[in-house]
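Before any comments, here is the structure.
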Amino acid sequence: MRIPLFIAIVLVLSFSPASAHFFPNISSIPPSLLKPNNTAWDAFHKLLGCHAGQKVDGLAKIKKYFYNFGYISSLSNFTDDFDDALESALKTYQQNFNLNTTGVLDAPTIQHLIRPRCGNPDVVNGTSTMNSGKPPAGSQNIHTVAHFSFFPGRPRWPESKTDLTYAFLPQNGLTDNIKSVFSRAFDRWSEVTPLTFTETASFQSADIKIGFFAGDHNDGEPFDGPMGTLAHAFSPPGGHFHLDGDENWVIDGVPIVERDFFSILSAVDLESVAVHEIGHLLGLGHSSVEDSIMFPSLAAGTRRVELANDDIQGVQVLYGSNPNFTGPNTVLTPTQENDTNGAPKFGSLLVHVVVAFFLSFVHLI
Ligand SMILES: [Zn+2]
Ligand SMILES: [Zn+2]
């Protein structure tokens, strides 16, 4: 994630694309791909209620998880001890996700940890990008401010480039039905900005390059098979949008919450992920507004494709409003912006199904 952009581009182009797994709806996913793993849920129970001073198998993996999202700054000596660093990370996480800042791995926190989520760090260089304007923990001063955020340095597409082109990796052989999912996702952002998005057949010259890959495709953020990392996208003007071809992508646009619990854990609504990642492609970071597109996590089985006011306000700070947009157009400025000079511009943004993280480490215990 910290490698230079030009190297990433060269390496990505040299790798083989995945033949992605698409399903018109969740019912069409083979049962063999929807098997629950009860061992993983046993692991959840082992961690439930953990607090400072304890030593419990699996806490080292929790620390690694928090490291991946910026809550712990150094990757070293991850033990199963619930130490001060873990408690501090946990409290910041709880604040970002609008949870009670107990510092304990309580049930609401575990429920958030197992949610599918974007892998883009919530904390960059020690500064949280999510909780702008949020009152300090324990404060009763609840006030309404903007929560959207940007990448460090606030990169955006240049003013001269309002008609962005996008293309699909030819080797993926995507059907028109699948491509239309992305078209709908782009439309949601063009409705509120002066930007337009036009598909082009030329992958190499497209502003936004969409491709499904499997495993390590050499941009520093390998995909990890089913239920792991789902997708990532670059900040402007990177334009690279990669999705994990090993996921069970559902494309029918129908909410999948009515299905059984383990089934929905294995299925991902493609349009929901696309709308979120396009937000990153345009320059938005994460928001702590739970119903916003740019909120980092997505409850299992959830379809979330409608832009919230927070998303609209954020993208309009960067690009202004679509003249035909009649919705809320009050532009707010985030009260806190991570604007660190010299920060990497390569914004690798990953969507994780965190359950996979548990599934993977259970095998190591
Ligand atoms: Zn994200
Ligand atoms: Zn990638």
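Each Cβ is built from the backbone N, Cα and C atoms, and glycine gets one as well.
Per TrEMBL, these features apply:
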- Glu277: active site (ACT_SITE)
- Cys118, His276, His280, His286, Met294: Zn(2+) 2 binding site (BINDING)
- Asp207, Gly238: Ca(2+) 2 binding site (BINDING)
- His217, Asp219, His232, His242: Zn(2+) 1 binding site (BINDING)
- Asp224, Gly225, Asp244, Glu247: Ca(2+) 3 binding site (BINDING)
- Glu247: Ca(2+) 1 binding site (BINDING)
- 153-321: domain 'Peptidase metallopeptidase' (DOMAIN)
- 116-123: motif 'Cysteine switch' (MOTIF)
- 1-20: signal peptide (SIGNAL)
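Note: the Cα of His242 (Zn(2+) 1 binding site) and the Cα of the residue listed as 'active site' are spaced 9 Å from each other. Taking the Cα of His276 (Zn(2+) 2 binding site) as the reference point, the closest of the binding-site residues Asp207, Asp224, His232, Gly238 is His232.
In the three-state DSSP scheme, Gly238 (Ca(2+) 2 binding site) is classed as coil.
Among the binding-site residues Cys118, Asp219, Met294, the residues whose Cβ sits under 6 Å from any atom of ligand 2 are Asp219. Ligand 1 lies under 6 Å from the Cβ of Cys118, out of the binding-site residues Cys118, His217, Gly225, His232, His242, Glu247. Asp219 (Zn(2+) 1 binding site): 23 other CB atoms within 10 A of its CB, across all protein chains. DSSP assigns Cys118 (Zn(2+) 2 binding site) to a strand in the three-state reduction. Within 10 Å of the C-beta of His217 (Zn(2+) 1 binding site) there are 24 other C-beta atoms, taking all protein chains into account. For Asp207 (Ca(2+) 2 binding site), the number of other Cβ atoms no farther than 10 Å from its own Cβ, over all displayed protein chains, is 19.
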